[in-house]
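**Student:** Next up is a structure, given as structure tokens.
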Amino acid sequence: MSEHEPPTGPGLFTAVYEDDEDAVVRLLRAGASPEATDEDGQSVLYLTTVSDMPGIARLLLAAGADPDRLSAGTDSPLCGAACGGHTEVVRALLAAGATPDLEEELGFTALTWAVQRGNADVVAALLEHGADPDRPTPAGEPPLVAAARRGSPSCVRALLGHGAHARAEALAEAHRWLTLDVASELRSGLERAYGPGNEVTTHRVPEDGGITVVVELRTGGRTVAGNDQQTGHAEIVELLRGALAEGIGPLAAPPEVDAHVTPPRTPASEAPPPPGV
């Protein structure tokens, strides 16, 4: 590369993989495109959003990266950050003009990902910036019902605070989960998806004032799949009973709501770095 030739995308990706903000600044000043993509079509902005790099994301956005541009034509930067629970990145994207309810492949929005992953701070940020608290999932399910199933009191509280519908249906869903063994349900779901024969491990993690149950399938000492769910259903029942008693806002849900299982999302940050890194 001559001294007058602008730097190419791989150099910018290398700087991002190394989390080197100074190098990113130098490359952008030298002419690197903030909309650079790798050989798979992944955008450099998307990489920062799934890797929880708010500083570099802001640099790219300030240099002109489009916050709504789909990485590889399928993945929204906002959805990537929301799925990972990267609140600061989410706020940076929203501040740069990201569309809160932008749909990516298969019709998922950032709020759908955040609710189904129990990322309450992200849910709150999206709602503050105008995300629709009643926009259904691709399966037609109201966010409040999805939050009740997830077992996240904080997600439910945030949605109620923004007038979410489907309170009676969400209450029924929370009641249903009070009768189930969360670990057994997660294990059964994983075995249906991946087949029997794997080692199953279960552990419990404090989260959101309660416990999150984590179930993983392992083979040869390696995790091949996993799922997790919070267990705040009793608190959610009380929250929803209170909301119904107060009669605040519309309570009905769209008819014939179907349960939705969120497909796995592989963070781009787990992809191998570019050659030479």
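Note that Cβ sites are derived from N, Cα and C of the backbone, with glycine treated the same way.
Please treat TrEMBL annotations as automatic predictions, because they have not gone through curation.
Remember, it's a predicted structure, so these values are computed and weren't measured experimentally.
According to TrEMBL, the protein carries these features:
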type: REPEAT; residues: 73-105; note: repeat 'ANK'
type: REPEAT; residues: 106-138; note: repeat 'ANK'
type: REGION; residues: 251-277; note: region 'Disordered'
type: COMPBIAS; residues: 264-277; note: compositional bias 'Pro residues'
**Student:** If you run through the repeat 'ANK' (73-105) with DSSP, how many residues end up as helix, strand and coil?
**Tutor:** 18 helix, 1 strand, 14 coil
**Student:** Under 8 Å between C-beta atoms and at least six residues away from its ends: which parts of the chain pack against the repeat 'ANK' (73-105)?
**Tutor:** 41-43, 45-46, 48-50, 52-54, 57-58, 61, 67, 111, 113-114, 117, 119, 121-122, 125-126, 129-132, 135, 265, 267-268
**Student:** Give the residue counts of the repeat 'ANK' (106-138) per reduced DSSP state, in the order helix, strand, coil.
**Tutor:** 19 helix, 0 strand, 14 coil
